[in-house]
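*Asks:* The structure is given below, and queries will be raised subsequently.
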Amino acid sequence: MNVACRMHSTAISAHNRPQCRFAPVAKCPDSNDAGSNVPIARSFALFNCNVQDVKLNARRVDSLIGNNLAKFCAKCAKCATYVDSDRKVFDEMPERPLPAYTALIRAYCRSEKWNELFAAFGSMVEEGILPDKYLVPTILKACSRRQAVKTGKMIHGYAIRKRLVSDIFIGNALMDFYGNCGDLRFEINVFDSMSEKDVVSWTALVSAYMEEGLLDEAMEAFHSMQSSGLKPDLISWNALVSGFARHGKIGTALKYLEAMQEQGLSPRVNSWNGVISGCVLNGFFKDALYVFINMLLFPENPNSVTVASVLPACAGLRYLGLGRAVHAYALKCELCTNIYVEGSLVNMYSKCGQDDYAEEIFAKAEKKNITLWNEIIATYVNQGRTSQALERFRSMQHHGLRPDVVTYNTLLAGYAKNGQKVEAYNLLTEMLQKDLAPNVVSLNVLVSGFQLSGLSYEALELFQTMLYTACLVDKVITSPIRPNIVTITAALAACASLNLLHKGKEIHGYMLRNGFEDDHVVSSALIDMYSKCDGDSSI
């Protein structure tokens, strides 16, 4: 039976189906929509039909059904906490029209039960009930949160065929979907096709440009929103301010933070947090503390995000006194149970030389996620205690947590700094066997660590390997990794240490071909290499 016939027969017989229960909960589509086969794929295939020719038989909704529906919708709208009991009420309804499905799916969305949401949606479509303009944004939100690209695009196509895309809420939902999936081109296309745009639409466009690093375009979109007669709200300003801060444009971020106040909008805690975290991300620790101190002049109280962002700045500057003051504030405001605050505290005390405090905070943490484990492993690595770091590494796995790339990079850095070449390569091989691809940080910590520990030849050999071949270690094949400033600086130092002028010239040529010659750190390393290898720093 072809798809059109199956849809037709499904639609005609839908109202006669007695007590139809949900299909087994389908695996929620992931970024590749790999789990969308049961029953999602079968249901979404119906969208490819000409749905305009399919009509449901008239449904007789008696007073009992009407009362049940009213009670059910009210219950779902009131609280998503009891969505499982709402599901039982839903199953007991003799007939389930679109409003009932809409209420249940929205309840699943509010409680972030994505698998159940997609299962309910699949069952709805199989019963011949298609979403309207009120339900489509909810489904798109689920696709957005789960990065279900194929499914979201199917719904986009359905909305086009049903002429729903002119609705501003659906347009905004599509922009949010494509923005979260990292597809700027489609997001701009949706924006351009919208006949009506509100502040949400423009803010989504600003955020999309910021996410891609297109700062000028983001600023132009922000000013275009104002020129169109719309007044940016707090979320719009935050998108602009935090975007500039995230990309290291702290001065511009602060300028717009002041402009926000001139427009009568007082910065909220999220506004300050965006600038502080942007400063820390780019290594501007003093700027982060400056913004934090200015924040204290406003009525907004720092929250757990603020504390977790400020502590790394204290750690970077080794400001133990200020770090302790922030810790005391967190204790007073009962923020220390936040797992991100705990991780930042471990990091701060470790970098300030207070390892006992770091271990105590880790031991007292009730819930330990991968970030917290990484911080305590880094504590031991910074002390040069790689054997204890390895014990924590194994203990983390024993507790059921899978190490990520950051975990491996931390241990690799410890082995490389200690000159433990065999252990480093064994760990790298283990990483590859667990299907974790090394990144540029992995190679940086090895090349720079080997060079600092006196293994300059091994450092240069590894650099050559990552530059010219795909073979990384022990004949394990991985993709070549493009060196960055850190890698090149360490490789030049290795050439200087080994007095290998010809290798240094090869790296110099690579720098010229790839635009690294303007960086002052690399240029200094290059001058040092020529000076030590050739005795002539004028080159």
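Note: Cβ is positioned from N, Cα and C throughout, glycine not excepted.
All annotation found in TrEMBL is predicted automatically rather than curated by experts.
Annotation comment: TrEMBL describes 97-131, 198-232, 233-267, 369-403, 404-438 as repeat 'PPR'.
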*Asks:* Please report, as numbers and ranges, the same-chain residues at least 6 past the borders of the repeat 'PPR' (369-403) whose CB is under 8 Å from any CB of it.
*Replies:* 339-340, 342-343, 346-347, 350-351, 355, 358-359, 362, 410-411, 413-415, 417-418, 420, 423, 434, 436
*Asks:* State the non-local partners of the repeat 'PPR' (198-232) in its own chain: residues 6+ outside its ends, Cβ under 8 Å from one of its Cβ atoms.
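*Replies:* The answer is 168, 171-172, 175-176, 178-179, 182, 184, 187-188, 191, 239-240, 242-244, 246-247, 249, 263.
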*Asks:* On the DSSP side of things, how many residues of the repeat 'PPR' (369-403) fall into helix, strand and coil, could you say?
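*Replies:* When I sort the residues of the repeat 'PPR' (369-403) into the three classes, I find 26 helix, 0 strand, 9 coil.
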